[in-house]
């Protein structure tokens, strides 16, 4: 989208990432402008901007200092401002092919290249496809696979362990529960005032559901919401204590607790080592006491013999 260009409501820009069936879109709607990830029939937003006071959008225009948003009376009601351009005007808006990030760009004479004055998403883990499907973007902005115990060892570099996201006519699946994990994907089907068990069953009973996110609030009782997803993407690690539980559907018999089994083994090993050290210390202490007693007896016997002589 070039400087001075307008886009009316109900229009969009699309961008196709390489080596993927999914694509991104930048869409202008009456209530907001948003970025979407589309894969098959699934369509999830991962960034949104809404004017204050719920004012409706009629068109947007790229100005010299930012993306301007107008209503039906040609009045500007909001603006996404650019930063760091100094005296350089914006030249274009672009949606990244690989990342899906939206940016406002200006030309830098010093660097002789186009630079981003604004980006919708500033961290790697907020990108919808920062990691492969069934991967988790960690707090260190690195990707880690969801740990699964699968029959296919070394099933390639995919994080799904060799099985697909479809579970229709494939037997009874089960849910793998991950704490401290959330999703950047929004506008997913939602149920409110439900329990975590109900949320889990909602996904299990829908063969097209691949994952579910349950939010119980920080206090564990408020905003009990259940979101269901048709794909396992945009998963990222969050700080614990947020009340979020992410559940992934996996084939029956393939799940392992995500890190819990290793923790349990580590605890058992440490307990065994500590118990062993305590026993050795006790035995060593008793042996030392016995040796000292024997030495004292010998000294007393030698002293009594010397006195007698």
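Residue positions begin at 1 at the first shown residue.
Every residue, even glycine, has its Cβ placed from backbone N, Cα and C.
Features reported for this protein in TrEMBL:
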DOMAIN    170-250  domain 'Apple'
TRANSMEM  266-291  transmembrane segment
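The DSSP breakdown of the domain 'Apple' (170-250), given as helix, strand and coil counts, is 10 helix, 33 strand, 38 coil. If you average pLDDT over the domain 'Apple' (170-250) in this model, you get 88.
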